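Asker: Here TrEMBL flags 1-16, 358-367 as compositional bias 'Low complexity'. Feature annotation from TrEMBL assigns region 'Disordered' to 1-24, 355-382, 556-593. Residues annotated as domain 'Putative ER transporter 6TM N-terminal' in TrEMBL: 37-480. Annotated transmembrane segment per TrEMBL: 53-70, 99-122, 170-187, 194-214, 226-245, 666-686, 693-710, 730-747, in sequence order. The compositional bias 'Polar residues' annotation in TrEMBL covers 368-382. Summarising the annotation, TrEMBL assigns compositional bias 'Basic and acidic residues' to 576-589. Feature annotation from TrEMBL assigns domain 'DUF2421' to 749-976.
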Amino acid sequence: MTSSVSLSSSPRPSKSTIEQQTGSTASSRLSSFIDRLPPWISANLRAKKSWKMLARCWLASWIAFVVLLPEKSVRTLGNAAFFTLLGSMFVPPNMPLQIFLFALFTIVLGVCLGWAFGAAAMRAALAARSQTLLRAALQKEAQSTAGLANPDALFQASIFEGVFLDTRSSAVFGAFLGVGVFFFALIRAYAPRLIITSVFATIAIDIFCSYGPLFPFAEYTLMNSLLTSLACYIAIGVVVIIFIFPESLNHAVLTSTSGLLSKVKSLIDMQEDVLNAPISDLVGDGAVLTRVTGARVAIVAGLQGLKSQLPMLDLEFNWGRWNGDDVKGLDKHISTVIPRLAAVQSFAKLLGTTLDTSSSPSRASGSEAPTQDASYTTGTSGVSDTELLRQLRSRHHAHSLDIPPADLVPILRDATHQLRAACASALAACISIIDVVNTKRYARGSNAELDSRAAELDTTIEQLGSALTGFKDSDRLALLEPFRDILEAERARVPGDGKGEPPLRSLCIMYVFAANMVTAGEAIKALGEYVSTMTHKRRRNRLWAPKGLRMIGKVLTQRGTDSEGGTGEDPVSSQEKSEKDENPYKTDPDAMPPSNIVQKLANNLHVVYLWTKTPEAMFAFKYTAITIALWIPSVVKTSASEARVQNRTPSLDKSLGSAKSRGSPYGMAASVGVFLIPLVFCRIFAPAQYLPGVLMVCATWTLIVGYSWLDGHIQVLGDVGIGWPVAWRRWVLVMIGCAASFIMMILPPTSARKSVRLRCASIMSSLSHLYSHLMAAWIDEVVPTEDGKEGMPRGTEWVQDFREKIIAVAQQLQTLKMQAAIARFEGNIRGAWPSKEYNKLVEVETEMTANLAMLAGSLVQLDHGTRVRLLRHTRVVNPNFISEVVSMFLHISQSLRTAEPLHQAQKHNLVDRVFYHSEGPYLHTVDEDADAIKPNHVESVMSYDFMFYASGVVAVFQLLQNINEARNITARLCGEVRFEGFEEWREKYGQVRAPVASTGKTES
């Protein structure tokens, strides 16, 4: 009885509660399903802005198809009416208005260029046609149709059956087609941003040269239907962009800027997790390390996307507070912040490697490293860069007072907490102001809100300045507190007492994070000051007129990034970009400069001959050859009629909306509207590596659906039918094109895998130039003057030049990762592709980029006078050592570029070479400054400049490890020439030389 009462008294869930629980379960299941999708899909499914963009683009594409449904409009548009829908697939309205118009301008430009070539070909072909044969053919055709019901229709049919084909006329058309297509292929190769122009120009000239030979008279209006259809889509796109979630380019750029700064802020906030994470989260595929790596990739991609929008920023009418130049000023400061954060991004991996006790010394440095080697004793009191490198090389230092790195991490976290918080607050304040400026363009009373945000920004800038000053004066000293006993012992140590050098390895590693947070903090402070200045300067919204229209041609013709390449495999172009610093010094090893007119002419011919071997020329030749080969059947009498019928094969998908009739407009509109949703989503959100395939799918679907409707509602040539019986014909034509493309691709063969290897070589060469750039700045002893004349090129301008170069390399690495992922699907005909090795090489090159950025940040912060005085005690700038590093860079690059093996005699650990070169003399001067940082001054370790000096030394050490690893990977990929007995002799020589070096004697 008690149990029954208990059961009856228990509250029953209400209907609303059950519905809420059911809805919550469904929502969780949906969220779980979305999480399993690729990131580019899941992120856009959750983004409100993406749904708005999808709605706008879907509506434009759907309207572009609906225009084909009424009988009057489809007859007005003509046989090429499907280009209305095709245009929406090639250039969807997912961009601001002026960029959309420029993109459509490239399409119209291409059609007009093709039209011009075609019209010229028709004029020349008519002049070349045999008039005698033409009169005979016309007379014969007139006699055959005399007395029939519809002679005009029969005459038109005879034209498309190839009755009036003429060999000389067809040859002229073929010549113009070859020249035109070759020219358009070069446009595609040298100006990838005009790829749409090239495609549509090829389409236009192909139409003219395929149909032109059939006509016995001039017919220059073959492009009317196509251009009318494109004009229809232009109108649709403009209306949709203006009235459906309108957005100016200025608004789009500020939105991208706000999003990029949010990612930067997230990365800074993430450092709290890095400094609190267990070792397992910082090594391998650890959760925190994966998040940091993902943040780095997202930041580089965001910066790349932002920079791609800037060139056209001044080409629009814009209503708002900030004009194009103001927004471009933001980019300059952001481009300073991001490279300085490169070391902060890589600190997570450095910390994980340092704390991971399972990593052996040999794995850390590339060769076995003893904990204490008498041959490396410097004989000086204090700490030099050689001693710091030796401690970094040895994971466990032989010193009784050694401080474990794990003990310093909490101190580092607390010491930098205020600085990190101030950086994050300053970025948040900048983001809030950018959002107000961007979203309150038409709102009244927005000045009060902006003034409030500006006051908040000014406060955060002051707090950031105070945090930087506080860290310099006091907070950083907390990192030195655990080393007080070590430094006191070092102060009292007698030089040469054999007690060893003070263990500062842990301190140097902590200084990497601290130093780069300082450099990043100063860049963020400069960004905040710029935003504050613009906020107080631009007090009201106004209309900004466009300017700088001369930039249009430059924007359209510049090559852009590697991801915009038009030839697929483009190794030489990438190589030329990476080696542009070498071009002024190149000479012809086989001939002296030409001295007379004959030699100059021969030299020009030789240049043309060399050009024919470039990827751009080979692409143009292949493009032309395959076009001519597939064009020939259309001008042969036995195949001309069938070729045109098959090129208009209708759609299998039409049956979904039209059942067994010619097609219901309502059913087709509904069916196409449903299928457009996933197609448009993939078209506007697919990553760059998938975009060519997505475009192919969208274009094929458009042709099938468009032709299906047109074939049932306007007069067409031939009985093409509807449904399954003819679907295979379209597939056969596509396969013929694919087979022809494959044949041309393998003559000579090209490979995505080879492209990955060549681009790895190109980036390695670029890294060698960056290293040389930094070394030139490090050894520069010229003091920059205030007037900016003496010493300017190496004194200050190197910073801006280096920043642009390292951002370009980072973007190339981003593209290379995508190419390496695609290359895996090429097939294993000759054997499995070592994808893991190439991915590891790309990762190593990415780490090199971060370490070079870390070194650059240290050099920027290091006082000029201090840096010059430190040259006398810095062995990593030993000219012989610099030569070895540059040589190793070039050996690796050359081996990857030529696929030739490395030589075993060239293999050596660059960290060991630092110690080798540290035994020689180094620079001395008479006027030693008593306040300079010297190896025999313990106070140098406690100075502010030593933090940047130590960070730079760690950057060099990490870079040398990266080069060693890259050399080992290259040897496994390209091979290594054996030198019998060399390793044994090197080992014996080192054993004999070590005691000699330690006693300071000279070898005989």
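Heads up, the Cβ atoms here are built off N, Cα and C, so glycines get one too.
Can you tell me where each of these features sits in the structure?
Answerer: Over the domain 'Putative ER transporter 6TM N-terminal' (37-480), the average per-residue pLDDT in this prediction is 84.
Remote same-chain partners of the transmembrane segment (53-70), defined as residues 6 or more beyond its termini with a Cβ less than 8 Å from a stretch Cβ, comprise 44, 77, 81-82, 84-85, 87-89, 92-94, 232-233, 236-237, 240-241, 244-245, 665, 668-669, 672-673, 676-677, 679-681, 683-684, 705-706, 709-710.
Among residues of the same chain six or more beyond the transmembrane segment (99-122), those with a C-beta under 8 A of the stretch's C-beta atoms are 87, 90-91, 93, 172-173, 175-177, 179-180, 184, 193-194, 196-209, 212, 215, 218-220, 222-223, 226-227, 230, 233-234, 237-238, 241, 249, 309, 312, 315, 552, 556.
Only residues 6 or more beyond the boundaries of the transmembrane segment (194-214), in the same chain, are considered here, and those with a CB under 8 A from a CB of the stretch are 90-91, 103, 106-107, 109-115, 117-119, 121-122, 125, 159-160, 162, 164-166, 169-170, 173-174, 176-177, 180-181, 184-185, 187-188, 222-223, 226, 556-557, 566, 627, 631, 634-635, 640, 644.
If one looks beyond the transmembrane segment (226-245) by at least 6 residues along the same chain, the residues whose Cβ comes under 8 Å of a Cβ in the stretch are 52-53, 55-56, 59-60, 63-64, 67, 76-78, 80-85, 87-88, 91, 93, 96-97, 100-101, 104, 107-108, 111, 203-204, 207.
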